[in-house]
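Here is the structure we will look at.
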Amino acid sequence: MRQALPLVTRQGDRIAIVSGLRTPFARQATAFHGIPAVDLGKMVVGELLARSEIPADAIEQLVFGQVVQMPEAPNIAREIVLGTGMNVHTDAYSVSRACATSFQAVANVAESLMAGTIRAGIAGGADSSSVLPIGVSKALARVLVDVNKARTTRQRLTLFSRLRLRDLLPVPPAVAEYSTGLRMGDTAEQMAKTYGITREQQDALAHRSHQRAAQAWAEGKLAEEVMTTYVPPYKNPFAEDNNIRGASTLADYAKLRPAFDRKHGSVTAANSTPLTDGAAAVIMMTESRAKELGLRPLGYLRSYAFTAIDVWQDMLLGPAWSTPLALERAGLTMADLTLFDMHEAFAAQTLANLQLLGSERFAREVLGRAQATGEVDDAKFNVLGGSIAYGHPFAATGARMITQTLHELRRRGGGFGLVTACAAGGLGAAMVLEAE
């Protein structure tokens, strides 16, 4: 094992996560229909600051992400600063790492803290699948540019006459990989077939996720980390995730048809995460700054790792690649963990990664490691459910997982937790957290 790389400042301070918050997560075109991601981000950051009672000028940086970006607000981070009453001099920039975007935001704030350029910052992400940048065809886009430069009405009419009716149809955002044309669900189908994951196994994991999430809400475990929201016309509160199906049975899952490979597939809408709207954020600072402000941190960021693999086959294996690296940098093994939380993009993807984490052959032949990362104990795995149940607003999921894991570690008396996710483009992310 290589030497551990502790995340500390030049003064030896640990990187503290003092609080975290998220909106409830809403299925596409439901509670947050018509609410853009930038407004969801303002909601959560404004409420996070109000609850923390931290002086507004104590936050020196805000790093925020959005995967489905809107052209009118390309720097969502700066718009959040300007829209929440934060100090206008607060540095703010936006990041994007697909489904691992808020992992990246957290890493960036941590690096600023370690460099000593700031002592406190906010990291997070927001996405809306209900407010989308609906585009136009390439043919229409080109004509519109040319029309803007045309000098006469006749020239403009000539340009428009070149268009066909199909060129006028709106173009929704792409749901496929730019480089391969494969949809995420196509990759999940690849993984199910490669690793022999059955429909029954996928449905069982999805059912488990919903049952655990419903139980977490019923026991009040999420109340402190999920805010109540009000949206126009501001009459009814929206306070709980609306995708969770606590009353579902395994028989219900079996009724659905495959969503991607219609003839021979096993990936369905029920064993996949749904399109979702929501936002999440965390406040981070140096350990000494937290003490100065009289704050007890939720926990600490011990290590992180980002990885990348090829996109043509089984590209959602990011957790199997990034987890051993994050553990190594933390100076830990799988056995040292109290909790292990993996983003459930698809049940097939989740089960494939769990299989490979325990595979000696994968460790030796693919990762070049002497031994497997380790089997994940079911008693430690996604104990409060995962993304299949909660939903997945792309840029917000990492911050949700971090906050949720730290709260659960605190309830268990402390320990180490690892959160990990796959992401489009063959990317992976993992972070080791510590709570006392």
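Glycine is no exception: its Cβ is also placed from the backbone N, Cα and C atoms.
In the shown protein chains, 30 other C-beta atoms lie within 10 A of the C-beta of Cys99 (active site, acyl-thioester intermediate). Cys99 (active site, acyl-thioester intermediate) falls within a strand when secondary structure is assigned with DSSP. According to Swiss-Prot, the feature active site, acyl-thioester intermediate maps to Cys99.
Under the heading active site, proton acceptor, Swiss-Prot lists His392 (among others). Sequence-distant contacts of His392 (active site, proton acceptor), defined by Cβ-Cβ distance under 8 angstroms and a gap of at least six in the same chain, are Phe25, Cys99, Thr273, Pro274, Leu275, Thr276, His343, Ala345.
A sphere of 10 angstroms centred on the C-beta of Cys422 (active site, proton acceptor) encloses 34 other C-beta atoms. Per Swiss-Prot, the feature active site, proton acceptor maps to Cys422 (among others).
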